[in-house]
Structures are given as C-alpha cells and as structure tokens.
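Trainee: Residues annotated as ATP binding site in TrEMBL: A:Lys6, A:Phe7, A:Gly8, A:Gly9, A:Thr171, A:Asp172, A:Tyr177, A:Arg182, A:Lys207, A:Val208. Marked as substrate binding site by TrEMBL: A:Thr46, A:Glu73. Look at TrEMBL and you will find A:262-345 tagged as domain 'ACT'.
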Protein chains: 2
Amino acid sequence: MRAVLKFGGSSVATIELMKKVAEVIIKRKKLYDELIIVVSAMGKTTNQLISMAKEISLYPNKREMDLLISTGEVVSISLLSLILQEMGENSIALTGTQAGILTKGTHTKNKISDIHTEKIESELALGKIVIVAGFQGFNEQGDITTLGRGGSDTSAVALAAKLNSICEIYTDVDGIYGIDPRLYKDAKKLKQIDYEEMKEMAFLGAKVMEPRSIDIAQNHGVIVYVAKTLSDEEGTYIMNYKDGLEDKKITGIAVSDKVIMVSMKRIPYSAKLTAELFRDLAKNEVNVDVINQNPSIGGNMNIAFTAHADDLDAVNEVLDQFKVKYPVVNILRIDDVVKVSLIGSAMRTQSGIAAEAFEVLADNDLEFKLVTTSEISISYTFDRSKKDKVIEVLAKHFNV
Amino acid sequence: MRAVLKFGGSSVATIELMKKVAEVIIKRKKLYDELIIVVSAMGKTTNQLISMAKEISLYPNKREMDLLISTGEVVSISLLSLILQEMGENSIALTGTQAGILTKGTHTKNKISDIHTEKIESELALGKIVIVAGFQGFNEQGDITTLGRGGSDTSAVALAAKLNSICEIYTDVDGIYGIDPRLYKDAKKLKQIDYEEMKEMAFLGAKVMEPRSIDIAQNHGVIVYVAKTLSDEEGTYIMNYKDGLEDKKITGIAVSDKVIMVSMKRIPYSAKLTAELFRDLAKNEVNVDVINQNPSIGGNMNIAFTAHADDLDAVNEVLDQFKVKYPVVNILRIDDVVKVSLIGSAMRTQSGIAAEAFEVLADNDLEFKLVTTSEISISYTFDRSKKDKVIEVLAKHFNV
C-alpha cells in the first residue's frame, strides 16, 4: 500500500523541524510500502517572496509571480530530500514540473488538469521516497504555475487520487475540530467528518484544509487523514458520510476574518450594470461570496457583497474602474466584518435548525448584516466587534 | 543587432540595485534591437543555500544541491522581469530549463551541451526582453543542473554564441586590469585582451571571468565586453589577438589564494599507486593543478600537488581513503599557500621572459615552493606570507 503524506509550511519552517518531519516519514514507512511526500515552502517564505514582488509593483505580472513563488517549495523539497538521505533513506525531490503536474487556468490560481505520473512511478519502483513540491505545476506553454490558496493540499490529494493511495495531511493542529480551539476553548475534536461538511467548513473559513482539495478527494474516493505533525494523538478522517453523525444538528462552526464587505448605494436600476459589476469581478478572479441586492428610494438600488480578503487588490481594481464609469454610485468598502457559519449535514433532513439559530442570536441581541444559506450551512456576516460573543453563544448552544 | 547582457550577483543584490540594472538595460536597448539578459542569484543567496545544505550533510547529494541552488537565479530573473515590466518594458523571465539550456556531466559541475533557442527566439520575435537564469540548465533525465563556478558567465557567452550576438558582462570592476587593483594599487586597465591571455589569467585566479566561458567565446568568435554595472567608464574587450599587444612582455599577473597544497611523503615507489591517486582525484572531479614528483631516500618518492580550494571536500575524501589504504604514507595538507602567475602572449615569441622573472624573484630573496609553466604563463606557489612582496616586486618590474 502507498500513501501521500503532506507537510505544511509551519511543519518545515526550519531545518530542525524538517528533521522531525523526516522522522515522521521514516515511522510511516513501516506502515506503507511506498511513500510520496508533498511539502510546502518553509514557514513564511512564500509571503516574503510576495512582499519582494509587491515592493516592485502593485499589480505584478502573474506569470512572473508564479515563477518567483514556486522557488519556495523547491528549496524545501531539496532540503527534505537531503535530510532523508542523510538518515540513510533513498529519496528524490521533484518540482511540480518534474512530477508531471499539468495545470490550466489563470496564473497564481491554476487548477490541476492532469498528472503524468510516469516519473513518480519509476522512482517509486526504484524504492525511493518521492518528494514533490506542493502548490506548483506547469502549463501547456511550459510556464511554471501555482495553485493558489491551500495549493499544497490540492497537490497532495490530487496525487493520492492519481496514485490510488490514502492521503495524510500533517499540520499544526491535531485534527478537525467542530470549531477552531483558538476561538473557543471548549471545542471538540471530530473522529471523522463527511466530505461535504468538511468542504463547507473549509469554504466558510475553517483553516484546516482547502475546499478544492476535499472536492478532489470526494470525487476520487480518497480517504484523507488530518493529524498533527509531531504528535501521537489520533487525528480526524475525512471520508464518506457514516451513520451516527446525524445525531448532531451542527457538526461545526467556521469563522472567517478574511472577509471584505462592499456596500454600493444609489446604483441606477439596471440589470446590465449589475451584470457588468459581477462579470468584472469574475474576470478578475474575485470569488464573490454573499450578494444582497435590494431596491432603494428613487428607482435606485443597493447592492452589498462580500469577498475573500485575499482578493482585496482585485476587488479594488474593479471598484476603481467602476467609480470612474459610474461616479454617481456611492461605494463603501467595510473591512471590519467577520463571517460566522454553522455547518451540518443534518440540515438536509432536519428542519428547524435555521430557525433555532436565528432565535439564539435574537435572544442574545446579536444583529447580523448579511445572511446566506446553503444545503448544509447558514452564514452570517457580523461587525467584527460581535465576533467573540457570537462564537460563545452558538458553540455553547450547538455543543460543537 | 542583438546583445546578451550579463549581470552578476553583486549587481542584483537588492531590489534597489536591480532597478539600476533595469536602467542600464533600457539604455542598452537604444543601441541593440534585441536583448537577452542573463542574471545570477542575488548577492550571497547561493552561498546561503549551500550553507543550509551543509547544515544537513557534509557530502550532500549533488542532484538535490543543484535543484536547491537553482532557485537563487529563478528569484532574480522573476524580480528583474517584474521591474522591467513596471518600467513599461515587455519582458519575460525564463529558467534554464525553459530557455532550453541542455547540459551534460556531473551535477554541480555541468557543461552546456546545446541550447534549444526556439523559446528565446519566439519571445524575442514578440519584441520581449528575454531574461534567462544564469548558472543553470537541465539534463536529458529532466533534472535541473548547475554549471559550477562562474556558471552565469558561461550561460551568457554560450547564449551569445548560439544567438549570434555580442556578450556584455557587467560586474563590480570596470574592466580587466593587468593585476587586481585590490592587490596592487598602481594596476593598469587593459583596453583589450586576447582570449588566450584572458583564459590563462582567469584559470590562474584572476576573478573577472571563468576560463570556460572565454573558451566558448573564442571557439565561436563571440566578442566579450567587460564593464562596471553602474559606470560610464570604458571597459575591456576580450577578442582575438591584435597587433601592438606584443610590446608587453607580461600582460597580466593573476593571484590565487584559493589554493591548497598537498605534500605526500614516503610513498612506496609504484606507478600504479600514483596513477590510483590521480585517478581517484579525477573521479572526484578535483582539478589538480601543479604536480611535483621526486624520489626520496629508501626507494620511496615524494609527491606534491596543488588544487583549487573549492575542491577541498573532494580532496579530503580522496586523502582519507588513501590514508586507510596506505597508512605508511605521510600526508600533509598545507592551506596557507598562494599562487602567483605571470601571463603574456609574448612568451610565445620572446624568449628570456621566464629567466627574467626568476632573476627578479631571486634578487628579492623570494623563494617559491612549486613552479609550473604553460605556453603563455609561469606560475609560482609561495607561502602566503610572501604574497604582498611578490606582487609588488613582479608588478613593478613588468609594469602591469
């Protein structure tokens, strides 16, 4: 049996930590016949590289950005391979290109379209531990590409799917909690979580794994195990829905500070104009989250929407153009908001959970700005000042 | 007309310096229709990466070393391209692999075997300034490779050869001097220097350019211009021999501190044993410089040889094995030696220059350890304590 093991940036932040990661790898080698290791860049390397580029340009060319930040993972795979070799193991480090990770899409936000696993397979056949640079690949033009937020998880799960293996994600938390223990001290760890719930939690701000990677895991039936790098504690399995989980109304609560909210007032009522705004946002690869549109006085309308704070530059670019074209529109960007989401597969079958949540909030005078729901979640946007209170009240009530 | 412009690590050590380099590039664009830029890693980046690897292993795997240190140039090409774009230029950054620089040989010391210039040509045809990572390429296995000492110069000259262009090397000195001005304050700058002399000077320790790159320039008739990055002062042309240079007995003096000398005594006289020693050194890619072998008492012999200090690890490895196999041999490594070389094409036609040099040294009581000559040079190995005196005496006498 083979396994893909993924170690994030904080697990490989220094050479000392990398040595500990190597020990984990060697331990896992007793359990699995073949190992593929995916690593992120060391610690804050990627951010440092981005800062250098931002010193040069506010809107740096994304092809060159990808090339620049791809170096972070190349450094970590080389060093980890040297460490394993020094410990007597047989290993080889492969860049995204060398590992055959073909991508398509926009630079800095590419998607994996295929993996040509011949090189990996041949190195595994030679008995080597294969170390692959996470977060990166190449496109059909031969450019080096990166996969955007949480890209190393995506690399790991995609490799596991293609190589028919389990995927173990080692991180700085010891599993998946119903709510981030840093936000709520009584948070409870989950033994397992359904793909759908995990995706929803990740999508809504839980920082453990990127929804895209869960999507790939679900589509290919890859079992994902999330655990803490240097701990013997049992982690959490992400896999298909099992009986017994339905007892809980709410599986988890996700909180996202990385939200920007844009409020636009006095927009002349016109479907064309709204379409133009969201088309421009889409063109700039802004993932618009909640949208609220309502008529206002004088035949005008108001629009409010939220987006991920990482898309701030792109949002500003679109808003700046919009302001020039439609000077009459009043545009206000509010950055001190927070999104709190309740997630639970039970919402599919049990009615009344949403009503119960609204009631709890009302009982505690917690007024929200925007609300949106999906099949298995409800998300509220609040003033950031209300964050702690909201978490306390909801986590306690739903026992997450 | 097109030109390859090469900028070394100290010219691109910071983003501020890179911006100045970009200004130089834009200035040269007025003179040339097409520009190919070759850059090294920023400042001490390569050394920092090597130190990280050395923290892990005394003899790190060279394939992974190449992968690791190749990231340095990728960072600098990406940033330089972003700077040029921010200044309104159309540019593209290419790794050694993307630029089609195919290499062969041993990792960390590869040689360029061919350059597939299709990508560069097509980007030039689009009007772009093409920025290529110096010092690196790829081999037929798809591994990333590096070119060893002075590799970026080699990249630049090989590209100029293949792209039929002049090659301008920008560095932190304002041309080629008869002797390094840091060693002798009255050193004179040369307007031009012959390929052969330049190679010999570089080979013998002058730090301006790597002999290998001059070799390629000579073989392909590439004119190389060496000048200071941020200076309007005229530099030095490296090109075919011209009349008038013969007036000088000695064109230049090269001094190398990076010499190790090994003295081996009480070697049982055996051709097999000597052959074994030098074969092992060659296998470990040690470039042995001067060899001195002479019989000693009791049918034994003594051997002394010098090598480049960069090969210290490899030399030690061979000597350690040798000590185990032949414990009777007395091996002494002397590191505090210096090699001083006189170089001049005139030696080909004028006799008596060597005799004159010996006389000057004898007159000043400057005793040397080893001496070796080539067609156009004489090299002496001295105790490092004699270095300053030797330079003073020879530079003054031969007016370099």
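Cβ coordinates come from backbone N, Cα and C, glycine included.
Bear in mind that TrEMBL entries carry predicted annotations, made automatically and left uncurated.
Structural setting of the listed features?
Mentor: In the three-state DSSP reading, A:Lys207 (ATP binding site) counts as coil. Around the Cβ of A:Lys207 (ATP binding site), a 10 Å sphere holds 17 further Cβ atoms from the protein chains shown.
A helical conformation is recorded for A:Thr46 (substrate binding site) in the three-state DSSP classification.
Applying DSSP to the domain 'ACT' (A:262-345) sorts its residues as follows: 34 helix, 36 strand, 14 coil.
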Trainee: If you skip the near sequence neighbours and keep only those at least six away, which residues in the chain come within under 8 angstroms of A:Lys6 (ATP binding site), Cβ to Cβ?
Mentor: A:Ile37, A:Val38, A:Val39, A:Gly134, A:Ser152, A:Asp153, A:Ser155, A:Ala156, A:Cys167, A:Glu168, A:Ile169, A:Tyr170
Trainee: Would you mind pulling the longest C-alpha to C-alpha span across A:Lys6, A:Phe7, A:Gly8, A:Gly9, A:Thr171, A:Asp172, A:Tyr177, A:Arg182, A:Lys207, A:Val208, which the record has binding ATP, in angstrom?
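Mentor: Binding-site diameter by Cα atoms for ATP: 23 Å.
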Trainee: Which whole-number value in Å describes the distance between the Cα atoms of A:Lys207 (ATP binding site) and A:Glu73 (substrate binding site)?
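Mentor: Distance (Cα to Cα, whole Å): 20 Å.
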